Amino acid sequence: MSRGDMAKPLLGHRSTEGDPSPTPPAGRTVGVLGSGDFARSLAIRLVCSGFKVVVGSRNPKRKASLFPAAAEVTFQAEAVKKADVIFVAVFREHYSTLCDLADVLAGKILVDVSNNTEINHHKESNAEYLASLFPACTVVKGFNVVSAWTLQSGARDGNKQVLICSNNQEAKRAVAEIAQVMGFTPVDMGCMSSACEIENIPLRLLPAWKIPIFLALGLFLCFFTYNLIRQVIHPYIREQKNKFYKIPIEVVNTTLPCVSYVMLSLVYLPGVLAACSQLYYGTKYRRFPDWLDQWLQHRKQIGLLSFFCAALHAVYSLCLPMRRSHRYLLIETAVKQAVEKKMTIWVEEEVWRMEIYISVGIIALGLLSLLAITSLPSIANSLNWREFSFIQSSLGFIALVISTLHTLTYGWSRAFDENQYKFYLPPTYTLTLLVPCTVIIAKVIFSLPCIQHRLLRIRRGWEKGRYVKFVLPSATGEFSSGETSSNV
């Protein structure tokens with residue numbers, strides 16, 4: 001194989017109908033109705049992809065300077081006559097202004113790229129409404145999930161998918177070929193009834209992140225309140241010391257690792273619960289409860305939020321010596337040491353504890369960074385399933401164990417110091433250990449050969465109570481068949 005062949009992709013683009021590659025544009029003319037930002041970006045991308053573009057506008061002389069020189073800007077009626085595929089880049093409320101072009105548009109393919117301002121704002125989708133206004137045309141919904149920025153910069157960043165739906169297969173194929181030539185990946189979403197769902201997609205704000213974000217905020221508020229009582233309220237009431245200056249940085253910095261640590265354990269806890277369910281019922285075909293199913297689906301988002309909190313904790317920790325209060329405390333300590341004529345305050349145990357604590361924390365943050373990076377689609381798609389599973393499962397569990405060591409090193413012997421129980425409340429880190437230690441113990445139990453073998457059999461299709469056929473030799477040496485339960 002030549003050096004030039006090595007640079008070529010092994011798998012080329014394929015159209016929605018299974019053709020080896022899309023038909024090159026070869027000067028094919030595509031129409032665009034509209035002169036807004038999206039229409040201008042669409043015209044630029046079509047021109048760069050080799051298409052001849054004709055733009056229809058109500059004021060072509062005024063709008064011509066906004067479009068590339070290679071695009072022809074003319075009146076709407078003239079533009080419609082010159083193209084068979086026309087992108088309708090106007091808002092829904094302006095569809096009626098195109099009714100005068102109904103005769104000229106007859107037989108054309110109209111690509112509706114519009115979106116609404118609210119989810120399910122209208123009873124019918126914009127594409128269905130456009131089809132009702134122009135029954136002699138074939139309407140295709142598409143390109144509404146692609147931003148104007150993506151069109152101008154090309155399909156290099158972000159999601160390259162273009163969702164397409166229509167009741168006409170040939171029309172979908174024609175639009176899909178245009179999308180492929182433009183560098184996008186067309187996805188057939190079925191008939192026109194899917195247009196409403198496609199139009200709702202750009203309006204959803206992080207739909208998969210709502211539950212994890214609320215979970216992280218809830219944990220943050222709980223731990224922040226707990227730390228506030230221990231670090232600020234307690235000395236203010238018991239010792240009349242004003243330590244409210246700790247709230248912006250020190251209390252927040254104590255809260256962030258708690259949230260990160262618990263969130264990381266919540267990534268692996270649903271897997272433990274799912275394994276317990278499978279072992280209890282002896283089958284993998286029984287559906288999990290809805291709450292557990294939702295939990296399993298949100299593990300990626302929970303893990304990324306855990307990494308986010310851990311990264312913030314690292315930045316806050318690096319900024320601790322920069323505080324003015326920290327400098328004052330250092331000076332006070334130095335003055336007290338001079339007054340008491342102490343030559344050194346070196347404590348070997350504390351030195352080793354802090355060295356180990358920071359080292360283990362850096363390793364844990366590094367592993368969390370690896371987990372976060374490999375969860376990105378561009379990285380995950382370059383890994384096979386075994387590699388992805390090893391990083392997310394095995395290394396993720398190691399990250400949880402190292403985070404536990406980081407927490408235990410931080411606590412050291414403080415759990416046995418009665419002065420640490422302020423208002424009879426235990427140190428915060430002892431509370432954070434509950435869920436992670438439960439997960440670690442459960443993982444260790446599941447790794448026992450007897451349990452691991454049974455769980456593996458269940459996940460390979462074995463069911464408790466299911467009857468299977470077997471063959472036994474008879475007294476005469478012949479073989480006879482029978483049945484027995486698979487759990488015997």
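Cβ coordinates come from backbone N, Cα and C, glycine included.
No curator has checked TrEMBL annotations; they are predicted automatically.
Keep in mind the model is a prediction, meaning the values are calculated, not measured.
Quick look at what TrEMBL lists:
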REGION    1-30  region 'Disordered'
DOMAIN    29-116  domain 'Pyrroline-5-carboxylate reductase catalytic N-terminal'
TRANSMEM  211-229  transmembrane segment
DOMAIN    259-401  domain 'Ferric oxidoreductase'
TRANSMEM  261-281  transmembrane segment
TRANSMEM  302-323  transmembrane segment
TRANSMEM  356-376  transmembrane segment
TRANSMEM  388-409  transmembrane segment
TRANSMEM  429-451  transmembrane segment
Distal contacts, the transmembrane segment (302-323) - CB-CB under 8 A, six or more residues away: 212-213, 215-216, 249-250, 252-253, 256-257, 259-261, 263-264, 266-267, 361, 364-365, 368-369, 371-372, 375, 396
Average model confidence [pLDDT] within the domain 'Pyrroline-5-carboxylate reductase catalytic N-terminal' (29-116): 94
Other parts of the chain folded back onto the transmembrane segment (356-376), taken as Cβ under 8 Å at six or more residues beyond its ends: 260, 264, 300, 303-304, 306-307, 310-311, 314, 383, 388, 391-392, 395-396, 398-399, 402-403, 405-406, 409-410
Selected stretch (most C-beta pairs under 8 A with the transmembrane segment (261-281)) from 211-229, 388-409, 429-451: 429-451
Same-chain residue ranges lying at least 6 outside the transmembrane segment (388-409) that approach it to Cβ under 8 Å: 257, 260-261, 264-265, 267-268, 303, 353, 356-357, 360-361, 363-364, 367-368, 370-371, 374-375, 380, 429, 432-433, 436-437, 439-440, 443
For the transmembrane segment (211-229), distant same-chain residues with Cβ under 8 A (at least six beyond the ends): 247, 251-252, 254-256, 258-259, 262-263, 266, 294, 298, 301-302, 305, 309, 422-423, 425, 428, 431-432
